[in-house]
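Chemist: Not my notes, these are from TrEMBL:
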type     : residues                   : note
ACT_SITE : Ser25                      : active site, schiff-base intermediate with substrate
MOD_RES  : Ser25                      : pyruvic acid (Ser)
BINDING  : Thr57, Gly72, Ala73, Ala74 : substrate binding site
ACT_SITE : Tyr58                      : active site, proton donor
Amino acid sequence: MHIQLLRVKLQQVIVSESSRSYPGSIALPDELIEAAGLKLFEQVHVNNLSNGSRIVTYVVRSKKEGFVSLNGAASWLFNKGDQIHILAYGYFNEEDAERFEPKIIYTNEHNRVVEAKVYAF
C-alpha cells in the first residue's frame with residue numbers, strides 16, 4: 001500500500017501577478033522550483049492565506065526572479081500581494097513513509113529563500 005504525504009511546503013510566498021489571459025498554472029521562479037525540488041508541470045496545492053481559497057494546479061517556470069503568478073481560472077481567487085503557501089505531495093510505501101521528513105521552505109517578501117529545514121512540530 002502507498003500513502004500520500006506532504007513532500008515540501010513553500011511558506012509565505014507573495015503573489016506578484018494574477019493573470020486571466022494564461023491557460024492555467026502557477027508560475028514560479030527557478031530559485032523556488034529548485035529549493036523545493038519541484039518538477040515542471042508537477043501538481044501542487046496552493047492555499048491563499050489572504051482569503052482562504054485553496055486550489056490544485058501545476059507548476060510552470062516564471063521568466064523573472066522572485067515573480068510568482070497565478071494564472072487562468074485561479075486568477076479569480078488570487079490577487080497581487082496575497083500571501084500563499086504552496087504544497088507538493090508524494091506517494092510513499094509504508095516503510096519509507098515512517099522515515100520520511102517533509103521539507104519547509106521559508107521565503108521573504110521578494111520570494112527569495114531565507115531558510116529551508118525539515119518540517120517538524
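Backbone N, Cα and C define each Cβ position, glycine as well.
What's the neighbourhood like for each of these?
Modeler: Look at Ser25 (active site, schiff-base intermediate with substrate): DSSP puts it in coil.
Secondary structure from DSSP puts Gly72 (substrate binding site) in a helix.
Remark: Tyr58 (active site, proton donor) has Gly24, Ser25, Ile26, Phe41, Glu42, Gln43, Val44 as non-local neighbours, by Cβ distance under 8 Å and separation of at least 6 in sequence.
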Chemist: Compute the centroid of the Cβ atoms of Thr57, Gly72, Ala73, Ala74, then list the same-chain residues not in that set whose Cβ lies within 8 Å of it, in sequence order, for the substrate site.
Modeler: Gly24, Ser25, Ile26, Ile55, Leu70, Asn71, Ser75
Chemist: Most Cβ neighbours within 10 Å: which of the binding-site residues Ala73, Ala74 is it?
Modeler: Ala74
Chemist: Do any residues at least six apart in sequence from Gly72 (substrate binding site), in the same chain, have a Cβ closer than 8 Å to its Cβ, and if so which, in order?
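Modeler: When sequence neighbours closer than 6 are ignored, Gly72 (substrate binding site) has Ser19, Arg20, Tyr22, Pro23, Gly24, Ser25 within Cβ distance under 8 Å.
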